[in-house]
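J.: For 47-226, the entry in TrEMBL reads domain '3-deoxy-D-manno-octulosonic-acid transferase N-terminal'. Here TrEMBL flags GLU74 as active site, proton acceptor. Positions annotated as site 'Transition state stabilizer' by TrEMBL: GLU144, LYS224.
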Amino acid sequence: MAAACMAMAARGKMVYELYRTTTHVAGPIIFAHIQWRRLRGLEHPTRWPERFGRPSSPRPPGPLLWFHAVSLGEGLAAIPMIKHCVRVHPNFVVLMTSTTTSAFEVIKDQLPDGVIYQLAPLDSPTAVGKFLGYWDPVAVFLMESELWPNLIISAAEKGIPVALLNARMSCKSFKRWSRTFALPLISLMLSKISLIAPLSTLQGVHFQLLHASPHIIHFAGDLKYAVGDFNVLEEDIRKIKDLQLQLAKRPVWMAASIHKGEEEVMLWVHKELIKMHTDLVMILVTRHPRHGQQLALALKKQGMNVSLRSRSETISCSTSIYVVDTLGELRTLYRVTPIAVIGGSFLPCLAGHNVAEAAAAGCAVLTGPYVGHFSHMLAGMLQAASSSILQVADKAELLVALNKLLTDKKSLEAHCRAARYAFSTVSKGMKVDQWLVPR
């Protein structure tokens, strides 16, 4: 056993050296790629140098905690913990990083005063080295599935503890990491991590099968249940009230976080529902703003009555579909609808989205059959209240379920109560304190 472990470690170091050398040699190509992305609007127009470890803010004195999330959902999940950290450990400097520009634009307005926000460095030896050398964190908190070899191993070499929070790995990623060439590398990375807080028991088993020590795996709940500690700006509150007035006395349902391809399901269902509920409005929130804009344009060309949120178009008496093509508003938009269908779950290539936000707002929550790593969240809420989440198999079942909710007021109210109760039950006892003090 000892000999096998030593052989695995040796292979891991060899694979890592190959990865490190490749990412170093590829530096010019990576730089060109980032410039190409910048020209397409996929990187920040002025702060892109941060992706190469070049800071744009001074480093305050004192111990620094670094939180990193790849995108908007993971970043929002980290915010309650960051706020808790600022309150309980005011002597620590807090740095937050994200990878995507969409996350950057929303999260910067949600962070507490004093928290530094930068774009994350690319996983190249030079960028990571510059970043760690400048910011000198005493601990690194990575959200969900951010397993980057140069980052994790470089931090470990500097004696910086690394924690993986809300840790998850899709079945596809698990199979990839389990391959002969990849297993030694992931095994080496996981041996450098001080704490893994998995989303579920299944996720914990995945990490153990990839050779994570069971002693570093601790279950502390899903941070995506912590949706209450979220800033709602006064301007946003005013906009929501305006929207509620525009929708007054009209039946409404929301299709949230809709990916390309799923709009066909939602539009078919809405067209069928309008035959039975002639004044019905669908709020269609696309996953990506550009998709929403393209969709609104295409629907208008077809002669449909569509309003687009980014253009401040109001919902008139003839509006049938309200397309939301903005970012970071989903949590507040749930307040204007009694029914929320959560997308990312109606195509086999997708893996679901967070249902807790809609449940916390008291919506009747529906989802499709493909929920991926959110299956543990559904299971927990269904165990708390069997009618808290309605999971449908296809568009025909979705049509039937929505029609019942729109027709039967008592049924709608019962599902709304169940969703709110299930969220309250499952989210109790969230423990973030144990993750914040460096070990």
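Positions of Cβ are set from backbone N, Cα and C atoms, glycine also.
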J.: Tell me the Cβ contacts of GLU144 (site 'Transition state stabilizer') under 8 Å, same chain only and six or more apart in sequence, or just say none.
T.: ALA69, VAL70, GLU74, ALA77, LEU164, LEU165, ASN166, ALA167, ARG168
J.: Need one number: mean pLDDT over the domain '3-deoxy-D-manno-octulosonic-acid transferase N-terminal' (47-226).
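T.: That region's mean pLDDT is 92.
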J.: Taking every protein chain shown into account, which of the recorded positions GLU74, LYS224 has the largest tally of Cβ atoms within 10 Å of its Cβ?
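T.: In terms of Cβ crowding, the pick is GLU74.
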